[in-house]
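The transmembrane segment annotation in TrEMBL covers 12-35, 47-70, 82-99, 105-132, 144-162, 168-186, 254-279, 291-310, 322-341, 347-367, 388-406, 412-431.
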Amino acid sequence: MEDGIGGLRHMLATVFLSAFAGFMVVPVITDVTVAAVCSGPDDSCSLAVYLTGFQQVAIGMGTMIMMPVIGNLSDRYGIKTILTLPMCLSIVPPVILGYRRDIKFFYVFYISKILTSMVCEGTVDCLAYAYVAVNIHGSTRISAFGILAGIKTIAGLFGTLVARFLPIALTFQVSAISFFVGLVYMRVFLKEKLNDDEDDDLHHGTYHQEDHDSINTTMLAEPILNDRPIKTQVFHKKYSSLKDMISLMKTSTIFFQALVVTFFSSFSDSGMESAFLYFLKARFGFDKKQFADLLLLITIVGSISQLFVLPRFASAIGECKLLSTGLFMEFINMAIVSISWAPWVPYLTTVFVPGALFVMPSVCGIASRQVGPGEQGKVQGCISGVRSFGKVVAPFVFSPLTALFLSKNAPFYFPGFSLLCISLSSVYMNISSIKTNFDLIVYEL
C-alpha cells in the first residue's frame, strides 16, 4: 500500500490545491450573495435562497450529463489530459469576484459559475477516484479512498482557516491563484496512467497475484464478496453508452444499491447546501467569521476521521457496516441541528460529522470492484452523474421549503424543518445500505 500511496502523491497534491481553492470561498459566498441581492446584511430574503437553489439545479443538470462523458473520455485519452480543461475553467469565477462584488459583477460571476461548473463541478473528485481505483488493488483500495477524502478535507480545513482571516476580495484572489497553481502542478508532475497498458495485460493474460481468474460478465448478477478487483472488461466498446450502464445496474445488485445510496447522499448534501448556512444566519445571526469557525471545526474532525479512523474501521468491520454506521451518525447529526435551541448546538453536533464523510469512500470502494481497471473512469463517472442528479432534485424540494420555514408565512414555527427532512433521507439510505449488507451475507452463506 505504501508504494501505491507514494505513486498517488501528485494526484493527492492536485486534489489538495483544487479543494483548497474551492473551500476557501464557501464561508464568504453567503454574505456576498446577501449583500448583492438583498436589501440589508441581516436580511434573510428568499431571493438569495432561490438563486442558490437555481444554481445547484443548473450545475447539477450539466454535470449529470458531463460526468459519465468525462469518465469515458478519461478511460480512452487519460486522466491528465481530460483534467486540464475543467481545472482551467475553475479559475474564471473567483477572478470575477476578486475584482469587484457589486450586483453587476455578482451576476456575471453567477452566470460564469453555472457555465464553468457544468464541466468543473466534481470532475477532480471523479477522476481522482478513478486514478486511485486503477492504481490501488485489493482490500487496501477503500483505505486509499479514505486517504483521498481525508486530503480533500484537510484542504477544506486550510481553506476555511485562510478565509477566516483574509478580507473577502483577497479570499477570491487567493482562490484563483490556488486553482492556477494546481493546474500547473498537475500538468508538470502528474504521471499519466495509460489504460492501454492494462488492456494489454488483459489480452496477454497477465494478472496480479491477488486477481481473479477470467470471469464472465454474467457473474455480475451476483454480489462480489472478496476484495480482489475484476480484470475482465465489462464494457466491450471504447465508449460505453447509457444502455451499457443500465445493463450493469440490472446485472449487478450491489452496484445498483450503491447508486441508490449515492443518489440520496447527494440529495442530502445538496439540501444541506441550500438550507444549513441560511438556517444559521436566520436563526442565530451567523456571519462570515462564525461560518468559518464552524466549517473549520467540521473539517478538523473530518480530516482526522478520514485519515486515521476510516482506514482502521474499513479493514475491521468492512465497507457495508462502515456505510451503515456513517449514515446513522449523519441522521443523528441533522436531527439535532434541526431543533437547535442555542448557537452552540451546531458546534456540538460536529462529533457526528465523520458519519457523513464515511459514505462516499465506502460507496466508491464497493462500486469500483464491479468492473476492470480499464473501466474505472466509466464507473466513477456514472457515480458522479447520479450524484449530480441528486443535486438537481434537491433544490426543488429544499429551497422552497427552507425559504418558507425561514419566513414569517411559515405554516408553523420550525425554522429547521428542512434539515429534519434531510435527516429522514439518511434513514432511507441506511435501510438501503443494510439491504446491501444483507445481500452479501446471504450470498456468502
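Keep in mind that glycine also has a Cβ here, set from the backbone N, Cα and C atoms.
Those TrEMBL annotations? Automatic predictions, nothing curated.
For the transmembrane segment (144-162), the partner stretch with the most Cβ pairs below 8 Å, chosen from 12-35, 82-99, 105-132, 254-279, is 12-35.
The stretches the transmembrane segment (322-341) and the transmembrane segment (254-279) are in mutual contact, each linked to the other by at least three Cβ pairs under 8 Å (pairs 6 or more apart in sequence). Between the transmembrane segment (47-70) and the stretches 82-99, 168-186, 254-279, the greatest number of Cβ pairs separated by less than 8 Å involves 254-279. The transmembrane segment (12-35) and the transmembrane segment (168-186) are in contact, since at least 3 Cβ pairs between them lie under 8 Å (pairs 6 or more apart in sequence).
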